[in-house]
Amino acid sequence: MLDTKFVRANPEAVQEALQKRGANISLDDFLELDRRRRALVVEVESLKAKRNAVSAEIARRKKAKEDAEALIAEMRQVGDQIKALDDELTRIELDMDNRMLYIPNIPHASVPVGTSEEDNVEVRRWGTPRTFDFPVKAHWDIGEDLNILDFQRGAKISGARFTVYKGLGARLERAVINLMMDTHAQRGYTEVLPPYLVNRQSMLGTGQLPKFAEDMFAVAGTDYYLIPTAEVPVTNLYTNEILDADKLPIHHCAYSACFRAEAGAAGRDTRGLIRQHQFNKVELVKFTRPENSYDELEKLTKDAEHILQLLGLPYRVITLCTGDMGFSAAKTYDIEVWLPSFGAYREISSCSNFEDFQARRANIRFRPSPKAKPEFVHTLNGSGLAVGRTVAAILENCQQPDGSVVIPEALRPYMGVDVIGG
């Protein structure tokens, strides 16, 4: 969440930033509540000072055996006033906190202004899309023809947007995960295997709740949610903690299954592995000092790109515009892999700097020096990578005229075979 003091001091700049994001939010009511809250605080403090003075006078009169009944009645009245004002103050603070939970992060100055994905800016490309001299098949057809992906049985046992991996398809998924985790560990990330169920507070901490509740799978009758990404449990590892400044930055990588309702995705990517209710993903999460976070974003993005380079998959990196960024992000790079059947690049990773937005919600701080006041860390995360989409990209980019798929060299030690089919 944003810093209330910053919003109060810079209302016009914050309102302009929200407009650039396309957020239809007026700060007027929030700022009015803030003015009322501050006035109440002053009034309550004044009444408490008066109560203390009256209490001292009552004690003096009782000691002198003088009548203090009128003052006692006055103190009760002051106490009632304080309670009423405290109750109002609590209601206002809860209202302000709730409103703040719906206000998105402010875009970094380097983020291009725009309203949709059409305004995103390409940063770089790697690799050249392959030219095929035979009809290109989509990954879902390749998977079914090789008997390694079963969409029909996935739908039978669960419903739409679920897939069963079989034989070398299951091994390929596992091999991709292991390559990603081993590579990131070699590049300095500490592996974490997190819970797949988290509580509501964890979802609030990373910004999924309350705004995106319809996209989450909640466990009925409990406080639990299935995680939409390992970002949630890994970021919340340090909720309500003050981190050792000497140990920053902290780099974690985590493999997890991810669960998304995809409430707003009706009719989009209905076939294949691109948009599933359950999918595997490797996540990279960083906790850094504020002054280093944008350097760390560049490194994180390069770490995600490195996996695609190992696999020989063409991709491009784009900077998301203000209107296309996620709710909690201050800046985001999307990495898009080339999918021949689409004739286009498709997202396979989002790498974001959230600055102190998540840390403020989750109360994750560090002490810059031993006697310094704690400050909020900056948090970053990125997919390193989405596993199902990586499998889809391998099947499509590495397909052969005879219907087989050549395994990228980096995966062969994990697969034990060089080719699927053929």
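Cβ coordinates come from backbone N, Cα and C, glycine included.
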Of the candidates Ser110, Ser116, Ser383, the one that Swiss-Prot places in the L-serine site of Thr229, Ala230, Glu231, Glu283: Ser383
Listed binding-site residues Arg260, Ala261, Glu262, Ile348, Ser350, filtered to Cα within 10 Å of Ser383 (L-serine binding site): Ile348, Ser350
Cβ-Cβ neighbours of Ala261 (ATP binding site) (radius 10 Å): 17
Extent of the ATP binding site in Å [max Cα distance among Arg260, Ala261, Glu262, Glu347, Ile348, Ser349, Ser350]: 19
Where Arg260 (ATP binding site) sits in the secondary structure, as DSSP reduces it to three classes: coil
